[in-house]
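Copied from TrEMBL, the annotated features are:
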- Val13, Gly14, Ile15, Ala16, Ser43, Arg44, Arg45, Tyr97: NADP(+) binding site (BINDING)
- Cys281, Cys292: Zn(2+) binding site (BINDING)
- 7-124: domain 'Gfo/Idh/MocA-like oxidoreductase N-terminal' (DOMAIN)
- 132-244: domain 'Biliverdin reductase catalytic' (DOMAIN)
Amino acid sequence: QISKMFGTVVVGVGIAGLARIRDLMNPMPSSPSEHLKLFGFVSRRSFGHINDAKQISLEDALESKDIHAAFISTENKSHEETIRMFLEAGKHVLVEYPMALSAKAAHELWEMAEQKGKVLHVEHIELLTEEYKQLKKEVAGKDLVKGTLHFTGHVLDENKSGFPAFSGIARLTWLIDLFGDLTVISATREKQKDKNYSRMTVHFQTANKKPLTWIEERGPGMRREKKINFCFTSGCLENFPEAPRSSVGLFMQDQNLFAKKLLGQVSKEELAAEKWRILRCLDLAEMIQQYCEEPEKIYS
């Protein structure tokens, strides 16, 4: 039996794109990634070659019969348009989160992928970290009383990365994956333009009506870190559990998962659960943005 090979192209060569090129050129031995073959990369900047990967035009990437899948690592703002182009060209797509900056676009793209029988895979390396896997084990089976997840980080260009509920959707993904479906109770946003500072605060309720708070805070010189405070009936968790180093890089783990989907090795149940989680998080991100952008309600 001839082993099935999928020709791939990487679109966008920022930090993630370069990691993708590296991992596609050095697949893990006897992993699903061995079924992926890098044909080249697309960038607005002109490189010619990166390592042994050659630069190709967007048109060639879309038209080539040798390319079956695109890895999209462009800025958030252009994800939607790029996914659409590759799906229309009949290619499978792997895209870095967030897949789009509106829920409507995300649902449309997902539907389009399903109609065309193509895999649309959204990278969620935040669920693949050892830190997170340990946290999930720690939280499993416990009864939440209340919780907070507070993220700080450097300033982002919102024109490129989108509203904080979308650019920070990794945090929202954690909360949904840990505690199940959430309802947005309120959301506010404080911005200090002159200081380049932004703080978004979201209040959720779990299905059991327990309060969860998500704070996304960014400003000059702010260290990239997450603080947790999850209180359970059995006590509070304020620090991340100790986690071992993983021997397999996060992008490689994600690439293996994508390859497994291309090979039809992921169960319908898993795919359905993942689709629900991704679209649900984008729906919530949009609700949060609407809450934050609403003018103050005046009650007469």
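In case you wondered, yes, glycine gets a Cβ from its N, Cα and C as well.
Worth saying up front: this structure is predicted, and the values here are computed from it rather than measured.
Features recorded in TrEMBL, as mapped to the structure shown.
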| residue | record | contacts (Cβ under 8 Å, 6+ apart) |
| --- | --- | --- |
| Val13 | NADP(+) binding site | Ile21, Phe41, Ser43, Arg45, Phe47, Ile50, Ser73 |
| Gly14 | NADP(+) binding site | Ser73, Thr74, Glu75 |
| Ile15 | NADP(+) binding site | none |
| Ala16 | NADP(+) binding site | Ser73, Glu96, Glu123, Phe251 |
| Arg44 | NADP(+) binding site | none |
| Tyr97 | NADP(+) binding site | Val122, Glu123, His124, Ile169, Ala170, Thr173 |
| Cys281 | Zn(2+) binding site | Ile169, Leu172, Thr173, Ile176 |
| Cys292 | Zn(2+) binding site | Phe163, Ala165, Ala187, Thr188, Arg189, Met200 |
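Compared over the binding-site residues Ser43, Arg45, the count of CB atoms lying within 10 A of a residue's CB peaks at Ser43. Binding of NADP(+) is attributed in the record to Val13, Gly14, Ile15, Ala16, Ser43, Arg44, Arg45, Tyr97, and the widest Cα separation among these residues amounts to 22 Å. Look at the domain 'Biliverdin reductase catalytic' (132-244): DSSP puts its residues at 30 helix, 50 strand, 33 coil.
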